[in-house]
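Data block below; observations after.
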Amino acid sequence: MFNILIVEDEETISHLIEFNLNKEGFRTVVAEDANYAMLLLKDFIPNLIILDLMLPGLQGEDFLRLIKTKKEYKDIAVIILSAKSQESVITKLLTDGADDYIVKPFSIKVLIAKIKALLRRIEKKDNILRYDGIELDLNTFSAYLDNKTLDLTTKEFELVSLFLSNPNKIFSREELFSRIWGYENQVQTRTVDVHISSLRKKLSSKANIIKSKPKVGYGFIL
């Protein structure tokens with residue numbers, strides 16, 4: 001699940017964004033000003049920030065420059081959402097580190113589409129696979145289910161990684177055995193069934209993502 005920080009002082013706008021992002025499965029936190037947003041960042045590191053510019057106290061432009069100078073925050077994606085439409089303002093903020101700029105009034109559907117597109121690019125860069133509460137960090141070989149650590153064996157991790165990297169594809173048992181085990185041991189392909197069964201138990205409520213095709217094999221149907 002992605003975390004999104006909404007920095008917006010207009011309550012109707014922040015509620016609109018929060019409501020629609022929650023419907024899409026994002027976890028959101030709202031800050032009415034940039035100073036409060038800085039406090040939130042001590043305990044809540046978002047994947048993306050939606051940032052208004054005209055805020056009480058610390059202005060959005062200064063907040064952007066501030067977080068981009070801090071090592072722990074500089075990689076957080078930022079979408080500017082502002083009534084300021086001057087080309088000079090937009091180009092300056094994109095140069096200063098914003099990833100996108102949307103002028104108010106705005107379409108909530110367009111905003112959500114841009115958020116999803118940006119997060120897809122982040123996932124690819126960070127080498128993270130996610131779907132419906134299942135998350136694999138390929139850099140640290142960590143697995144999570146609904147933001148809780150998921151204890152997978154090496155082979156189970158490799159199976160989930162293969163399935164998430166190839167959604168809606170059914171792999172034969174022989175192909176899975178070849179890809180995951182590499183014929184390193186003379187074990188029957190029935191081993192695949194045993195690991196899939198164990199994986200289903202660990203995925204609990206998400207187990208139905210694993211689909212089996214009789215006499216063929218398995219895959220993640222998303």
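Every residue gets a Cβ built from N, Cα and C, even glycine.
Sequence annotations record features per position, and here TrEMBL assigns DNA-binding region to 126-222.
Annotation comment: TrEMBL describes 3-119 as domain 'Response regulatory'. DSSP labels the residues of the domain 'Response regulatory' (3-119) in these numbers: 51 helix, 24 strand, 42 coil.
Among the features that TrEMBL reports, domain 'OmpR/PhoB-type' is placed at 126-222.
Annotated 4-aspartylphosphate per TrEMBL: ASP52, in sequence order. Every protein chain shown contributes to the tally, and the Cβ of ASP52 (4-aspartylphosphate) ends up with 25 other Cβ atoms within 10 Å.
The average pLDDT for the DNA-binding region (126-222) in the predicted structure is 86.
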